[in-house]
Amino acid sequence: MDDWKPSPLIKPFGARKKRSWYLTWKYKLTNQRALRRFCQTGAVLFLLVTVIVNIKLILDTRRAISEANEDPEPEQDYDEALGRLEPPRRRGSGPRRVLDVEVYSSRSKVYVAVDGTTVLEDEAREQGRGIHVIVLNQATGHVMAKRVFDTYSPHEDEAMVLFLNMVAPGRVLICTVKDEGSFHLKDTAKALLRSLGSQAGPALGWRDTWAFVGRKGGPVFGEKHSKSPALSSWGDPVLLKTDVPLSSAEEAECHWADTELNRRRRRFCSKVEGYGSVCSCKDPTPIEFSPDPLPDNKVLNVPVAVIAGNRPNYLYRMLRSLLSAQGVSPQMITVFIDGYYEEPMDVVALFGLRGIQHTPISIKNARVSQHYKASLTATFNLFPEAKFAVVLEEDLDIAVDFFSFLSQSIHLLEEDDSLYCISAWNDQGYEHTAEDPALLYRVETMPGLGWVLRRSLYKEELEPKWPTPEKLWDWDMWMRMPEQRRGRECIIPDVSRSYHFGIVGLNMNGYFHEAYFKKHKFNTVPGVQLRNVDSLKKEAYEVEVHRLLSEAEVLDHSKNPCEDSFLPDTEGHTYVAFIRMEKDDDFTTWTQLAKCLHIWDLDVRGNHRGLWRLFRKKNHFLMVGVPASPYSVKKPPSVTPIFLEPPPKEEGAPGAPEQT
C-alpha cells in the first residue's frame, strides 16, 4: 500500500456541494405545474357537477309546471289571493287611485317627484331662476308640460299667465320657486294664482320659497310657503308632500270625430299641454290652413328651413303664422331640431310637417352655429335642384305677405352679384321709424331673422370655411364679417315681414327684448305690391339715392337732432341731415344718434355707404356721414356736420341683472 498512487485520470473526491440555483428553480417550477394541473382538474370536476345539478333543476321545474297545468286549482287559488291584494296606487282601480307628490323649493334647488319618480330636478348654478310649472294628466299622472318662468325678469309673468290660461281645466298643476320669483310678478299673474286657489302665491315676496299642488278649476291639494326674513337672505327650503286623487280617463279625453286631422290632434293632446284651444273638446282651433294661393309665385318650390331647439311653444306659434301666410307650400317646409326632444317633434307632427332631429355638437354659441350648418347642408341635400333656401327661426312671427315679399324680390339675387341675401327684417324698422311697406333698401349688414340664402354662396363660400365646433362664435356675426360679406349687400323692407317674439334664448332675455325687439313694426297688410323693385340693383340704387338727396330738404343743423323739433311737423316729406364720420369705421356720432332715437345702437346696422334711411313723423329721413360717405358731395358748404360726443363712462356701472 505504500507504493499505491491515485490515478491521475480519476477526479479527486470532494464533499457534495449545495444544489445550484438553477436546479432549485426547476424543482419549484415542476411542483407549481403539478399544483396547477391539480387545480385545473378540480375546476373541471366542479363545472361538471354544476352542469349536472342545473340539468336536474331544469327537469324538476318542467315536471312541476306540467303537474300544475294538469291541476287548475292552484291557479284559481293564486287568482283569488291576487284579488285580495291592494292594487298599485297609481294604476289600480277604486278609491285608492292617488299620486304621491313631493315638491321642493329653495334658493339653489327645486325638485318634483311623482310616485317616487323624479320628474323635475334643477340645481344648476345661475340657471332655472323663477317659477317652475309642471302639468300632470289628471287620469294617468304622466307629465304633460314642464316650463320655467324667470319672473324676476320683465314679461316672464305675462308668458306664465298665457301658459296657465292655455292649460285645459282639470289638469294637475305643480308650482315651485327657485332662487327668486316675485320681482316682476305683476297683479295679473297674482290674480291668476289666486283664481287657482293659491293663498301664498299672490302674496309671494322677495326671495320667498313656495310650493303648490292643485287641480285647475278644482281643489288645492297642498301648499307651503316660507318668507324671506331680510332682503339679503332667502326663505327656508320648503318640502310639500301631498296625495293627488286621479280622475277617470273619461274626464281627461275629448271625443272628436274620427278623421286624419283629429287623429293627429288626439295624439298631440294626449301627450302635451299648454296649447289652448287646439285641444278644446268643444271647439278646437284648426290645425290645417288654406291661405289664398299666390299668383305667379316665384318661391313656390323654394325649400324653407325652420331652425328650432327645445322651445315647443315658440315653434307652435311660429308654424301657425307660417302656414297661414299666402303662398306657403307645406311640403317644402322642414323643421330642424337641435337635439332629440319629444315635444317639438310632437308640434311638427301636429301640423303634418317634416321634422329632422340631430345630435347636438359643441356648446353655447358654437352649438347653435353647428346646428345652422347641419340644417343648411341638409336642406340643399334634400332639395338638390333648389337654387335658394328660406331660413327661419322658431321664435319668429311670419307676415301674411312674407312669401309675396320674397316672390317679388328673389329675382334680384339671380340678377345682381353684388347682393348677399334678401331679408324680411329691418334692424332699424321700429314703430316710430318705419312707415312704407312697399319700400325696399340696400344695406351692408346681414339682418337674418327670415332670409333667403343662395345655394352657390353657401356651397362654394360659406360651408367650406364655416366655424368649427371649438370656435364659440355667433354664426350671424361671422356671416357679417368683411371676409364673408366681401362688399355685398342685402335687400330689406322698410316694414319688417318677420317679428322676433322670443324672450328666452341663448342671447335673449326680457330686458333685451323689451329694449330692442318689442316695438319693431310688423306688416299686417296682405298683398302689398313692392315699389320700384329693380331700382334695388347696384347701379340703379345709386341713381335712386342721388335723386333722393337732391330732392331732400336740408334740416337746421343748429338744432339738437335728438329733439322732436329737429324735424318739422309735416308728413310725406324727405329730409336730410349730415353727421360727422371721419372714416368708414367712425360711428361715434351715429351711435349716439341711434341711442337718442331709440333704435338699434349696439353695433352699426342698416347703413349703405355711410347713408342711413328711416322715417320720423312719417317723413323720409336720410342721414349722411361726412366726409366718409361718397354722398358727402351733397352737403351744402354752409352746413357743419352734426357731432355727438359719447358720455363719459361711469366707473363701476352695474351691468344687466344676473341670478340673485
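Glycine residues also receive a Cβ, built from the backbone N, Cα and C atoms like all the rest.
Site annotation (Swiss-Prot): carbohydrate is bound by D179, R207, and the candidate from R129, R147, R194 recorded at this site is R129. Per Swiss-Prot, the cysteine from C254, C269, C279 that shares a disulfide bond with C281 is C254. Looking up the ranges 41-49, 158-166, 473-481 in Swiss-Prot, the one annotated as region 'Interaction with O-glycosylated substrate glycoprotein' turns out to be 473-481.
Looking at S7, S290, S329, Swiss-Prot tags one of them with phosphoserine, and that residue is S7. In this structure the alpha carbons, written CA, of G309 (UDP-N-acetyl-alpha-D-glucosamine binding site) and C562 (disulfide bond) are 40 Å apart. In this structure, the CA atom of N507 (UDP-N-acetyl-alpha-D-glucosamine binding site) is 13 Å away from the CA atom of H500 (Mn(2+) binding site).
Cβ-based neighbour count (10 Å, all protein chains) for C596 (disulfide bond) stands at 13. The shortest Cα-Cα distance from C279 (disulfide bond) to any of the binding-site residues (I307, R311, H371, H500) is found for R311. Taken residue by residue, the region 'Interaction with O-glycosylated substrate glycoprotein' (600-605) breaks down under DSSP into 0 helix, 0 strand, 6 coil. Geometry remark: C596 (disulfide bond) versus D395 (UDP-N-acetyl-alpha-D-glucosamine binding site), CA distance 28 Å. Same-chain neighbours of the region 'Interaction with O-glycosylated substrate glycoprotein' (473-481): 365-366, 368-369, 372-373, 445-446, 448, 462, 466-467, 507, counting only residues six or more beyond its ends whose CB sits under 8 Å from a CB of the stretch.
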